Amino acid sequence: MLNPRLFGVLFGGLLLVTSLASSASLGDYEELCRLFKNGTQIRKPGTCDQYIQCFDGEGTLLSCPSGQSFDPNKNACVATLAGSNKYCGNRCEGLDGQWVSDPTECHSYFYCSNGTPLQGICPVGQHFEQSSQSCLYGSDSHCVDVNNICELVADNTKFRKEDDCSYYYQCDKTGNHVAKACSKTYFDVESGSCVATNKVECTAHPKKDICSISKKMEFKSDKATCRGYFVCRAFDTVADLDPLWQQCPEGYFFDDELKVCAVATSVVCTHNRCDGRGTRLVTSSSNDCHNYIRCVDNKEVEEETCHFDHFFDERKEACSSTIIYDKCCDGRD
Ligand SMILES: *[C@@H]1O[C@H](CO)[C@@H](O)[C@H](O)[C@H]1NC(C)=O
């Protein structure tokens, strides 16, 4: 039998570890910057007078002058912040007998007892959802990083949905966020719009409708880049809904017909040919080897045609009068 006192010691130790782990994540809110556009300012969760300034994905924590609060809608420190009581005061005011979300953590909530917030924690792997007054498993809950993330930024802000480039989140006026889909395009956080997939760097390609029912393992293009492919497992009677995404080495592309990684100039592919190529010129898969694509930071910027009916030589990154028969473009309109 387990000695109850020993159990108490073990359990106490476990609690201590848990609370240390969660307090370590507290204060790391600079990471929120990865979700938002360059230059965004985010009120620090659980505070009114502190905010995070995002530049190039890095966050810097700043404080308002004494007595002021950060207003994300004005993008400035102000003397009075509407709703500040809710953001950094007592969230329980007027909500006796209800559960309210803790603005600093997804898995934490308060029970409001006679105006006093009593903190509680959801079971491991669950997030608190105020609208249903309950703890829900991750995929059923809406929490992104912290509860009520839209209270921290301006109304209507659009931000990344990290598990799928073809979606984004948008904050509404009530402080909630909804997931929205880009149709056959990817969300570009800098412009806040859906753009062609070859103009976005993405490591979370949509997995929907990629795999089919098969008795053997299959490799499928990610349909957005020339380098990336999915490994579909053979489940016999159902399709793999969660295939693993892989990439060919830099300079190599996935050949969807031969199902191998091959040198880029030998692979016909009209998806993003700049993925893994950095900033340089690469051969296009169109116009019979007369066209090239300008790559900037692994994204396609524009496609151009060599003058004087010249051919594009990817090895020299230049147009050439020598006839080029690269397999990726030879004989292709
Ligand atoms: C982010 O914004 C800063 C300041 O406006 C600018 O200097 C920087 O180049 C921007 N970075 C990117 C990746 O656009």
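Glycine is treated like the rest: Cβ placed from N, Cα and C.
All TrEMBL annotations are machine predictions without curation.
Note that this is a predicted model, so its numbers are computed, not measured.
According to TrEMBL, the signal peptide annotation covers 1-21. If you look up TrEMBL, you'll see 30-88, 89-145, 147-204, 208-271, 274-328 marked as domain 'Chitin-binding type-2'.
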Reported mean pLDDT - the domain 'Chitin-binding type-2' (147-204): 94
Three-state composition of the domain 'Chitin-binding type-2' (30-88), taking helix and strand from DSSP: 11 helix, 21 strand, 27 coil
